[in-house]
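A.B. asks: This structure is in structure tokens; I'll ask about it shortly.
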Amino acid sequence: MTDTDRGTQRDRHSAFSLFTQQSLPACKPVLTPEWVIMTFLFIGFIFIPVGLVTLRASHSVVEIVERYDIGCVPEPFRIDKVSYIQDDSIPKNCSLSFKVPKYMKAPIYIYYQLDNYYQNHRRYVKSRSDKQLLHGQNEHGISSCQPVEVNNDRPIIPCGLIAWSLFNDTFTFIRNRAELKVNRKNIAWKSDRGHKFGKNVYPFNFQNGTLIGGGKLNPTIPLSDQEDLIVWMRTSALPSFRKLYGRIEKDLDVDDVVVVHLMNNYNTYSFGGKKKLVLSTTSWLGGKNDFLGLAYVFIGSSSVTIAVVFTLLHLLSPRHYEDTSYLPWN
Amino acid sequence: MDPPSKRTRIERRMDRIIYVLFSALILVSFVGSLLFGIETKKDGGDYGRWYLRPDITTVFFDPRRPSVAAFLHFLTGLMLYGYLIPISLYVSIEICKVLQSIFINQDQAMYDEETKRSAHARTSNLNEELGQVCTILSDKTGTLTCNSMEFVKCSIAGTAYGRGMTEVEIALARKRGETLDEQRDIDTVESREPVKGFNFRDGRIMNRKWVNEPNRDYIEKFFRVLALCHTAVPEVLDPGKIFYEAESPDEAAFVIAAREVGFQFFKRNQTSIQLRELDRSSGEIVDRVYELLHVLEFSSARRRMSVIVRNPERQLLLLAKGADSVIFERLSEEGRMFEAETKEHIERYSEAGLRTLAVAYRELDDDEYKRWEQEYVKAKTSVSADRDDLLDEKADMIERDLILLGATAIEDKLQKGVPDCIDKLAQAGIHIWVLTGDKKGTAINIGYACSLLRHGMKEILVMLEKPGIEAIERDKEEFAKAYKIVEKQIDEGISQVTGESNTQFGLIIDGKSLIFALDKNLIIRFMELAMKCATVICCRSSPKQKAIVTRWVKSKTGRTTLAIGDGANDVGMIQEADIGVGITGVEGMQAAMSSDFSIAQFHFLERLLLVHGHWCYRRITMMICYFFYKNITFGFTLFWFEAYSSFSAQPAYNDWYMSSYNVLFTSLPVIALGVFEQDFSARHCLKYPSLYKEGIDNVLFRWIHILGWMFNGVLSSVIIFFLTTNSITGQAFRKDGQVADYSILGLTMYTCVVLAVNCQMALSINYFTWIQHLFIWGSITLWFKFLLVYGSIPPTLSTTAYKVFIEACAPSIRYWLTIILVVIATLLPLFSYRAFQTRFQPMVHDSIQTRRP
């Protein structure tokens, strides 16, 4: 006796009846060996090429990473780097040079990289006021900016720990004795510039406290044009991160020697952080990262391996009919 | 009696899983807070993270009091990782169960055309338990049988009449291996409209042929007794059609039989009964009035009834019918003419599963009657406490020296489809216990008829023959002796069962032995024996024993028991069992009212268990496992992110993503799973009853299975977190040199979680209708739509989500490549496992699925 036999004749085929009788037309995928092998092979044959292409893109990127936080501390201060960085009387300028290993096509992106810097710490992330950044002083919602919200009873613009700890190392690049022009415009997201940072909001009462955190801001430039700040305020995901500093819009040739004059102002010494300067071209996939390509290749080749193992086992071991002998069709 | 509150095994285990998860939550929060405390402590002094201003901090991040900060962080952690405990699971399960119940109620295949009743789930919280039933305890009358009696045979003056074969006889013949010519005995001449309550076929009697029989006088007397000795009341609705209102269906069957043969009872008043019968001398139909003098009523102690009438010829007659043993005791010497033949016939009838009564009469002379009547009336009008005993005694005085006429045989028809249904249930590995008041022989034969006892099955008998129950109660020695006998029989049974593991066994035990078997010293051995038998029939058992047996079966097996019954005397059993099923039958609604599920026919139980039970079990268990999976996956990505934010309890995702996870992006597919999932269609569930064994053994909800899903959740979270972070953070994330920040990482990871858990769902289910497609792919699309909408509301509200998707992620090829990689990598472990397991270590449903044509 089948279920449809017993159903009432008149409305058996109406959609509603199919629904209430739980017999809607359905697709019922079954894990047959053929499907399994096909699926694994399919994943393999898609993933391996994609991975190789990705790897190629990654390899086409030229990246130069120079750590400078230790090298820029003069020899006598290396024992106590913190007092060096905190002592304003010591000049912080420093220079480093490197050779371009491969031809680098413009635009070349300049990043500063900080390691072991917890921009994603809860206390840090929360300490900002989006309302203030957009609308300025007439807003009162700056309590979220604790502990850097007021100074001398007047609100700070921009308030909060993030702004207060603004990164303030600066870099100038010289090639063949001529300064390489660094374009520092358009390094922040357009939506940030247009909608998160006010055009009529100017820095006010900033870095006037007893303890100076990071960089200062030019009070005559509206926040929406303070791109370093905007980039900095977009907090990083992980404790090791890069942030865009600018672009060199000229190609660099192989063996070009680039000299960087930098102001080593930012204190990463007290918490054991690292500072690096990064110059990188990009491909259609972004910067240099072999991981994605390798992962693709790995997953793809694992799938193929599984497919092969499965096929071999499938062919070599007969089905265990005795296991299912109690089933009614046997 | 207060109806007990019933919870399912699945739910009780789920509670324990919640404890496990709660411990995990506490552990994770504790680890987090410990490490947070250490990190925070390091911020003290000159070498701290100055950008966090540890010098002017709050109590939450105070490096001078790291233990307080850690403790407060622990509380924060409990809230942050609260996703490990799926509170929405309870809500979702409730929704699913209610919808499942609606499906059960709506099932047309469980709709009874006759009574216009459909199955009714009276409670919605036992659905999945229906898929785990290990033992069914069933009442017989009205449950396995229709409780509508049919007159099928009789023995008159030593001659057996009635040629139809009962279902039991057919089953017995089949058991002996005889081929049956079903049409053999049915006279084509007689084929006419079936009469309810009458299934007597014999050319010698019907259509007035009885007047040609040699013992026609006895036949006439026999049917007159049937037409007169009763308490039924005729109801003439249409002219020519008479219905009888009788106390019991048996009685109605007798009156109907008499009517069909030609002794039509059509009128009754206080003092007379009128019959329309054939006058043999003239051959005409005449109305005869019998003066009704006394009715000596039936009682369960007397087990007989009789009437005293004066016929139109002024003869005084006592007409009696009753249990064979009672009537045979009261026969006169000359009345024993056909005793031997009748006894033999009765024996045969009861083997054929029929209910028998002996019929006798006696002629009274006026003097004797008058003397007796005086005493009887005196007794009747007395007001003493022992009036009933007195009346019985007086009745006993006149009910003697009877002349035996013959015996009747009434069939209580099996309900439609009962043998097939029981066969299927047995194949599904369900043990069936029947509790009946029948005699041993009848019970065994009914057992064969219902397919409870099958060909090739060995019977084990546990019986106490002689001593009456009273004697046992009175006499300690007898008691001990009886106990010994039962013990010996049980031990023999066990050794027999363990000796032959390939044969199926049926255990038959009588009510008296059951009392001993349920003794606390014997119960373990008895249950061991009973659980090895596919069928247990308790004959001669009292209604009271039903509930006791149910309780013991429930507590001793530790598995799910289902009790099914139709009458008020089954209520105890129905309430005691894990699941009570009531049959909305002729015996009123009491059983149905106290049940958890009510059905109109016993055979609907097959569909209720094998189809709905199987589905619901699968749905709920998969749903729970999946729910844990998806929440663990989500919760642990948060934890891994914590490890990279110095355990500061900063959530990896935007607040709105967090709170929408269980509500918007993962809820509907789970509900679709819980309501619509079918690994097999109803037809296949019924075709392959062995599928049901998975529910009995609870394979889908073993700890290993549950922990496997949880482990898969942790694994998924690891894959998602590490692949995502390594793929997108660090270097430039796009061609224009931008890097992935906190908001982009959160969005990408969240996208991966939503995609992975929804695709995992798509991989796990076996049944895609448009609903599943809509819900699963709809949830994924909804997430992207949500991103567009939420990302476009002003940044003061959307904060870290503002335009992230449309501006930063969507145009980045790396974003899409990462998502594809992560989703496939997340699905791969379980998919590979399932692929290998299905092929090389298939579960029952796997092997049926892959080999299904």
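Residue numbering: from 1, along the chain as shown.
The backbone N, Cα and C atoms fix where each Cβ goes, glycine too.
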A.B. asks: TrEMBL tags one of B:589-606, B:661-678 as transmembrane segment - which one?
C.D. replies: B:661-678
A.B. asks: According to DSSP, which of helix, strand or coil covers B:Arg355 (ATP binding site)?
C.D. replies: strand
A.B. asks: What is the total of other Cβ atoms whose distance to the Cβ of B:Arg355 (ATP binding site) is within 10 Å?
C.D. replies: 17
A.B. asks: Spatially, and counting Cα to Cα, which of the recorded positions is closest to B:Arg355 (ATP binding site)? Options: B:Asp139, B:Thr141, B:Asp566, B:Asp570.
C.D. replies: B:Thr141
A.B. asks: Looking only at the recorded stretches B:70-91, B:742-763, B:775-793, which one has the largest tally of CB-CB distances under 8 Å to the transmembrane segment (B:17-38)?
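C.D. replies: If we count Cβ pairs closer than 8 Å to the transmembrane segment (B:17-38), B:70-91 scores highest.
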A.B. asks: Minimum Cβ neighbour count within 10 Å among the recorded positions B:Asp139, B:Asp566, B:Asp570: which residue?
C.D. replies: B:Asp139
A.B. asks: Under a Cβ pair cut-off of under 8 Å, which of the recorded stretches B:70-91, B:620-641, B:699-722, B:742-763, B:775-793 contacts the transmembrane segment (B:661-678) most often?
C.D. replies: B:775-793
A.B. asks: List, in sequence order, those recorded positions among B:Asp139, B:Phe298, B:Gly437, B:Arg540 whose Cα sits within 10 Å of the Cα of B:Asp566 (Mg(2+) binding site).
C.D. replies: B:Asp139
A.B. asks: I need the nearest neighbour of B:Thr141 (Mg(2+) binding site) among the binding-site residues B:Phe298, B:Gly437, B:Arg540, B:Asn569, using C-alpha distances.
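C.D. replies: The smallest Cα gap between B:Thr141 (Mg(2+) binding site) and any of the binding-site residues is with B:Gly437.
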A.B. asks: Counting across all protein chains present, how many other Cβ atoms fall within 10 Å of the Cβ of B:Phe298 (ATP binding site)?
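C.D. replies: Other Cβ atoms found within 10 Å: 19.
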